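Heads up: the structure comes next, in structure tokens.
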Amino acid sequence: MNAVITSLLFLSLVGLGYSWKYPRNADQTLWAFRTCQRRESDNNILKKWYTWELPNDEKTHCYVKCVWIHLGLYSKSKKSLRVNKIEKQFTSRGVAIPSDLKSMEGETDGSCKAIYDKTISFFNNNVADLRTAFYGTIEESNKWYSENPDAKPKGTKISKFCKDNNREQGESNCKHACSAYYYRLVDEDFEPIYFRLLEIKGFSNEDIDECIKQTSGRQGCQSSDALYDCLKNKNSAALKAALQILDDQSARTY
């Protein structure tokens, strides 16, 4: 699974871009944090990340880069953070824009260490406000979920949630409108998430490119159906195995 994710990440960053809507909600930020945390097995490190401690070590450097990517806040082409979107997240949450936000501007060399170095001073100065802005506390996260009962609850499997109430149909009598989004094969606009797809073991870059092309011209959740069907036709067993892993994870931490 890690190999699949790595290849997906590579493809998205060197190929297609993505630009998610801002502000992000608590479901979307939680997905970003948990996806990146699952790549680490050292419980001592994970405990620090869970409490928003970012020590100066190699694993944390890449964790920071991973989170910025999965929040849609890192531009591969410019090798820089999307500071205007960070500002929008703060504003949307009623949090004052930090005076040192502009310190996050500017190109990096794209390495984990460079992105960490660009981030850490701002992070240390504003960690409490960052946690509020990005729903990084249990209280803020739970408040959002209580106010948004249509979102998949924490601790509920994606498969169960999407099966209930015919959620898979979406608004266009689709087959995978709900699960394709919660597995993050597609974004909230049903556009393929290139780096996510590259993470799926058993598919070549060419397979992913071809399946993304199958979505061209499709509207709404019909695009996610076309993507899913293409992947299934390419390698049904690999797709099933990958989604089973994601489904099991969704019952534990997302």
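Glycine is no exception: its Cβ is also placed from the backbone N, Cα and C atoms.
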Pick the one from G136, G170 that Swiss-Prot also lists for the leukotriene C4 site with W52, K154. G136
Of the listed cysteines C162, C178, C211, C221, which one does Swiss-Prot record as disulfide-linked to C174? C221
From the list C62, C66, C162, Swiss-Prot names as the disulphide partner of C112 the residue C62
Quick one: of the binding-site residues W49, W52, Y63, G136, K154, which has its CA closest to the CA of C162 (disulfide bond)? K154
